[in-house]
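*Asks:* This is the structure I want to talk about, given as structure tokens.
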Amino acid sequence: MLERLGVFISCAIPSLLFYQLTRQPNTKPSNVILSSIVVLQLLIPLAFNGGGEMLDMAVVAFFSCYASFGMVRYMADDSQHVEPFYKVLGRWNDRKKGGQQDDKVRHNKEIQAMRKDAIRWLGHALLIVIISVPVMAFLDGFLRMCIEPLDIPYMSLLLTAPYHIPLKTLVYYTIAGTAFLMHVVFVPSFIQLGYSIELLVRSWIGSQDSLRNRYDVIYAYVHSSPLFDRPWLSTSIHELWSRRWHQILRWAFQDIVYTPIRQAFPHYPELGRALGTMAVFAISGFLHDYLLMAMFGYQEYMNQSGIAGFQTLFFLLQGVATLISNKSSIGLPIWLARTLTLLYVLYTAPLFIEPFLHIGLHRDAEMPGYPRFFDPHMNSVCPYGSRPFV
């Protein structure tokens, strides 16, 4: 327990130091010092060399990336007010304000009306959580029980036999990728469930002022943009990544990477757009490889085949497809555009998923406390057979 606490505390120190040093703009230290803090923030998770729990290392590595983006954004814009980090995390899904009148109406709601909203939100979240039980029991069971197609690296298949990749290999990676994704998709419903319960409790035992303040916060969360906007309806790779996939780091990629590069080519806007787009996907790939390095340890990351650079390659391929599909998909029938988009994602996704299999994440990634009633029956759905059920 103390070791886990040490991991989280050590990774929080640089961001807290940065915040303290920049609270007073008139006494802001030089960018050299602030840049050193950014580097330190990124190095600390790697210093553990995969020694912590895999999930813990994933969390602190993502936080380090997120905090580092915020620090770099601050240095690029000296006039920006640095918010406490617990507020920064909500920036990705901010919606446009409905105006002061809407805020006033919401803030003046009666306790009974707020309680009804809490019950409604609780019911919706509870329904999603109930649905998640059989869904994740099956998907987690698939990850636990099904044998992975790792005998031949997917990269080798792409290079030597790109037109003869076994269908069962694509089926395995499709289901495994869906399983990894659904662990993220269901998280907002659990957060909404907790928020709704909190609001109900406050409506009975809390003060009216604290209830109204929390109601405003929870209302904003419930009505925020969804984490994913039905990505299966994407009619192009461009639409998938620019609108339908999660936008958690969009503000960072837009302000720190894409816009500066595009502005560097005022006389060649198309070139600037292309280079900015590819840079965003390259940084996204580096970010995911960084997470793998923190989770697995940099030594194992570099020494074991099928891990290093694969996710960066995946995102570079998505960048190329984004540039091409931005215009080429115009005029295609919707059903054809969606089919081509889906096929491209399914064809390239194993490059992203395979490193997770090599580090064993699929054996640890499960919803805590969920039943395993599908595990004994997985052999019939496993493309390469299942492990013995114990």
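Count begins at 1; order follows the chain as displayed.
Note that Cβ sites are derived from N, Cα and C of the backbone, with glycine treated the same way.
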*Asks:* Between 33-50, 141-158, I'd like to know which one TrEMBL lists as transmembrane segment.
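*Replies:* From TrEMBL, the annotated transmembrane segment range turns out to be 33-50.
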*Asks:* According to TrEMBL, which of these ranges is transmembrane segment: 5-24, 305-324?
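*Replies:* Checking TrEMBL against the ranges 5-24, 305-324, the transmembrane segment one is 305-324.
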*Asks:* For the transmembrane segment (330-353), I need the partner stretch with the highest count of C-beta pairs below 8 angstroms, choosing only from 33-50, 118-139, 170-191.
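*Replies:* By Cβ pairs under 8 Å, 170-191 leads among 33-50, 118-139, 170-191.
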*Asks:* Sort out the residues at least 6 away from either end of the transmembrane segment (170-191), same chain, that have Cβ-Cβ distances under 8 Å to it, and list them.
*Replies:* 125, 128-129, 132, 135-136, 139-140, 142-143, 146, 148-149, 154, 221, 226-228, 246, 346-347, 349-350, 352-354, 356-357, 361-362, 365, 367, 382-384
